[in-house]
Amino acid sequence: MAENFGKVIQISGPAVDVQFSETTLPEIYTALRVVSEGFDVPTPINVVLEIQQHLGEGRVRCVAMEPTEGMVRGMKAIDMGGPISVPVGRGTLGRVMNVIGEPVDQLGPIMVEKRNPIHRQAPAFDEQATTAEMFETGIKVIDLIQPFLKGGKIGLFGGAGVGKTVVIQELINNVAKQHGGFSVFGGVGERTREGNDLWLEFTEAGVITPGDPSKSKAALVYGQMTEPPGARLRVALTALTVAEYFRDEEGTDTLLFIDNIFRFTQAGSEVSTLLGRMPSAVGYQPNLATEMGELQERITSTKRGSVTSVQAIYVPADDLTDPAPATTFAHLDATTVLSRALTEIGIYPAVDPLGSTSRILDPRIVGQEHYDVAQGVKGILQQYKDLQDIIAILGIDELSEDQKLTVSRARKIQRFLSQPFHVAEQFTGFPGRYVKIADTVRSFREILQGKHDEIPEQAFYMKGTIDEVHEAAEKMKANA
């Protein structure tokens, strides 16, 4: 096929207009590469654009995936023959790439046999797995209170420093060791410093081994705050495309992390304004629900494997009715809320069991026993929360015997919801624990039944199963 060329005729920041012949007009979402060949410019130009609109008379309006500084009218735009394509496969593990699939970790080219387009159809109805199945994470508080749906979408809410990254690292570690699966991290409009910190932490924790895909469990795809809005809008699709390959071609259960899904919406709003679309409510793009749906509907379980996504969600001005978070909520199967109040008393992971929810905490999916134990745990923690004002004003001695027992069990449950993580061993000094769901349900059932009322609450802190609590209690007795 002969190469198809166009010419740059207008540049408005990240929006670039290109003139083609009417007979060779490329399709919407086709990638173009603008080069400075034949132009005397200080820095050579090699910028990828994506066609967003056909303006008529052979003109197309594109959005740049890289900065357009130095680009001038008249430069050649090469039709790449299809949408942006990115490397997929095991060669991406342990590597950091950008929105167009180029490595940014200075470890040389990404060695893969295949590249896939970032724009793809969601799996058809007949390809999707129809059974609702729980995804075991090995983290007690998540598995018990807000179980993840295999192939589902989970919202992770939390401010700075409450442990979002550590929860993400542990999930990546557990999915690799227990499920033999892979993880893909999509940094959407995040701070460059945070991306660098995550890369270093993953390396130290052994989640990735730079330059050795066989020893790495995660691929990283970054589009930082400094990138043009086009890159921030499309980087989530790049990360999803990498994850889809592991689901469809390797048949694995894959984890996809998106941090932050709000910035995907924010970038879409910027692009929409650049393209001259009429804004809708609160200034967001009119196609907000469509853009979100196109991304979220591709995250699902098929008969071959699953992509389970954990999405960090920023809520502007803590307003949950804002169109950006409200549109995201419509797609979520579970919400995990990290609480600063729990970090202040040293409970890690700092997941708020009363603020977190899951669609599959249902006796028909997780079983009657799991459901009853989870509701019992939430009930006793709620009673403890209701009694805290009385305790603060009058003291614990003013409570009835039943209330004192409730407080005692609630404090044990609260401490037992803490858990040592494999990826945090060097900080906590506790060896990491992966707790199977059967052990989690059994342990909490026994606490609710009062079988461990005589054990001091200190013995429950940073333990895996109830058997470890017994061992700690025996040691405490022996040392007393």
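Numbers here mean position along the shown chain, with the first residue as 1.
Cβ atoms are placed via backbone N, Cα and C, with glycine included.
Quick look at what Swiss-Prot lists:
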BINDING   Gly158, Gly159, Ala160, Gly161, Val162, Gly163, Lys164, Thr165  ATP binding site
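Locations of recorded Swiss-Prot features on the structure.
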residue : record           : CB count, 10 Å
Gly158  : ATP binding site : 22
Gly159  : ATP binding site : 11
Ala160  : ATP binding site : 7
Gly161  : ATP binding site : 11
Val162  : ATP binding site : 23
Gly163  : ATP binding site : 21
Lys164  : ATP binding site : 22
Thr165  : ATP binding site : 19
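DSSP classifies Lys164 (ATP binding site) as helix under the three-state reduction. The ATP site is set by Gly158, Gly159, Ala160, Gly161, Val162, Gly163, Lys164, Thr165; from the centre of their CB atoms, other residues of the chain with a CB within 8 Å are Leu338, Ala350.
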